[in-house]
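Enquirer: Taken from TrEMBL, the feature substrate binding site applies to Arg63, Ser64, Gly65, Asn76, Thr80, Ile81, Asp82. Annotation comment: TrEMBL describes 12-142 as domain 'dUTPase-like'.
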Amino acid sequence: MTVKIINQSNNPLPAYATEGSSGMDLRAAINETITLQPLERTLIPTGLFIELPVGVEAQVRPRSGLAIKQGITCLNTPGTIDADYRGEIKVILINLSNEIQSVHNGDRIAQLVIQKVEKISWAPAVELEQTTRNEGGFGSTGKQ
Ligand SMILES: O=c1ccn([C@H]2C[C@H](O)[C@@H](COP(=O)(O)OP(=O)(O)OP(=O)(O)O)O2)c(=O)[nH]1
Ligand SMILES: [Mg+2]
C-alpha cells in the first residue's frame, strides 16, 4: 500500500528500521529544544501530514527505549490517526521520570503503526451467546 505524505519538517520520512519492523519512528519537528518537567505533558509536532485510505488507521505508539531510558511515553497510547484526518500528526509525550527530560529536533519520539480497521453496524439484542468466560474478567482466570 502506498500512502500520500507531506513532510514539512527537515527530518527524513519515517521508515521501517528493519524488514520485520511494525512501526516507523516519528521524529520531533521543533525549532527549539523542549524540556519536560516530571509529570509534564506536551504536544510535539512531526511536520507530517498523511492521507490514509478509508479502512486504515495509523497508531502513534511509544518507543520502549525512550520509556526505559528516560521515562518518556505517549500519554494517549496508542494515539489514533483517523483515515480522514488531514492535520499534522502530533505526539502527546509525558515525562514519567522524576528528572527533567529534553526533546530535540529530529529525536525519535514515537512510532507509527499502520493497521486495517473493521467498521461494523450494531445489531441491538436482548441476550448474548453464553461462553465459558461469560462475565469473568479483570483477573478471573487461573484461580484455584
Ligand atoms: O496522538 C495523536 C492522536 C490524535 N491525533 C490527531 C489525528 C486524529 O485523527 C485526531 C483526533 O484524535 P482523537 O480521535 O484521538 O481525539 P479526540 O479527542 O477524539 O478529538 P476529535 O473530536 O477531533 O476526534 O487527532 C494526532 O495527531 N496524534
Ligand atoms: Mg475522536
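Each position is counted from 1, following the chain as shown.
Note: Cβ is positioned from N, Cα and C throughout, glycine not excepted.
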Enquirer: Taking ligand 1 as the reference, state which of the binding-site residues Arg63, Ser64, Gly65 have a Cβ closer than 6 Å to one of its atoms.
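Expert: Once distances to ligand 1 are taken from each Cβ, none falls under 6 Å.
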Enquirer: Restricting to the domain 'dUTPase-like' (12-142), report the mean pLDDT as a whole number.
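Expert: Mean pLDDT across the domain 'dUTPase-like' (12-142) comes out at 98.
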Enquirer: For a quick check of understanding: given the listed substrate-binding residues Arg63, Ser64, Gly65, Asn76, Thr80, Ile81, Asp82, what is the maximum Cα-Cα distance in angstrom, as an integer?
Expert: 26
Enquirer: What number of additional C-beta atoms lies within 10 angstroms of the C-beta atom of Thr80 (substrate binding site)?
Expert: 12
Enquirer: Note down the number of other Cβ atoms within 10 Å of the Cβ of Asn76 (substrate binding site), including every protein chain shown.
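Expert: By my count, 11.
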Enquirer: Which of these binding-site residues has the least crowded Cβ, counting other Cβ atoms within 10 Å: Arg63, Ser64, Ile81, Asp82?
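Expert: Ser64, out of the binding-site residues Arg63, Ser64, Ile81, Asp82, has the fewest neighbouring Cβ atoms within 10 Å.
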Enquirer: Cβ-Cβ under 8 Å from Gly65 (substrate binding site), same chain, 6 or more residues apart: which ones?
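Expert: The list for Gly65 (substrate binding site) is empty, so the answer is none.
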Enquirer: State the three-class DSSP label for Ser64 (substrate binding site), counting H, G and I as helix, E and B as strand, and everything else as coil.
Expert: helix
